[in-house]
Amino acid sequence: MFNEIVQPVPLAPRHEDEDGPEFLTEDDVLEVEELGGDDQMAVESDDDDDLDGEHEADGQGTSAERDDAMDMLDNGLDDSVAVAQLHRTEEGAVFCLAIHPFAATVAVSGGEDDQAYVFRTDTGAQVAQLSGHTDSVTSVGWSHDGGLVATGGMDGKVRVWKVRRPSSDMPWEEAGWEFLIGLEGPDEVNWLDWHPKGNVLLAGGADGTVWLWNLPSGETMHVLSGHTTPVTCGRFTPDGKKILTASEDSTLILWDPRTGQPVHKLSRSDARFRLEGGINCLAINPASTVAVLGGAEGGLRAVNLVQGSVLAQMGGHEEGASIEMVAFNEIPTIGGASGASVTVIVSVGTDGRDAVTSLSFSPHTPTFLTGSADKTLKLWDYRTGSCLRTLLGNKDVVHTVSVSRDGRVAVSGSEDGSVRTFKLD
């Protein structure tokens, strides 16, 4: 269940002549608004211009409303505009998705059937089958320029494909994809992340290692060793200058990718930092100065990445509930000082009747999308906590969602083996 939204926190404008990076202090972080109801957040009135009337949620999440939503599912209502049924249905749960950075009509999926596919979001048609894994594909991702796509699996393999696009005028959905290289890495790949500005790929594994490769050569740049349990999440900082990783034993490490050495390390020995059950997920603010971590048993921590210190312990989720995802989004203020913005943090978890499993912000808009164990997608307005739309069509648990850069298209991957495309505009 989604049960927490952090209200926008104004950040000071950044200027080129400032002596150091801007970052949140403990006093700035964070006003937490707990939202009532088992299933949904409060909704604005029907005359709100943002609401389109499609399966609008009632804000209190009553049993009757929940039953109505389930009835709509049972009656076969489907809001999707295209369906890609490429993964085998008998063992075809879709675990990961990513829309192409420059073409909302192209996406990649990976699933339980050991396969990954590049497909068209507007038609559901297959563009390329990315084969070669011998166990579930758990992570997929595009390089910064969209010219490479990587897949990682429980078999410990990382495989990379490159685009065949003779001309920059060729539409991405008409381009082909060919296998580039297979990379040896951890014994089981938990996640992948591309550098935001270059063809450098990062992977974290169940054996506690983190691998860094240079593409297209496939050269191993570093194997980062510092965790003693599975590395559950990690990524490059948005400025590309550091790597942040976290593990099941509640350890957080900030790395220098040039040297492969730790810069800061926080562990469960610090009582203020400790997250019982380990760290499930992390997010980093656009300035690369603050991270928020979600725990396996409901805790949230804000960390100053410049100083390697804990900014705040945050509540809101039920004790023992797993926080599945956290995310930052930064939106420029309207009518404010030049360069001013607001930053919001959203976390979703398993507390409540139906676990919220996935989260994706709609870039440059005040909305985000969630996927749930109740088979639905919901589009939220984080300014008010309003559910703007409930999107139906999935026949089983939604494992993953992705929103295009223009905020107009979303795709979802489900336990039913399908990938569905929805229009958000």
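Backbone N, Cα and C atoms are what each Cβ position is placed from, and that goes for glycine too.
What TrEMBL says about a protein is an automatic prediction, not a curated fact.
Of the listed segments 1-22, 111-132, 243-264, TrEMBL assigns region 'Disordered' to 1-22.
Per-class residue totals from DSSP over the repeat 'WD' (192-223), listed helix then strand then coil: 0 helix, 20 strand, 12 coil. In terms of DSSP helix, strand and coil, the repeat 'WD' (130-164) has 0 helix, 21 strand, 14 coil.
Residue counts for the repeat 'WD' (391-425) under DSSP, helix first, then strand, then coil, are 0 helix, 18 strand, 17 coil.
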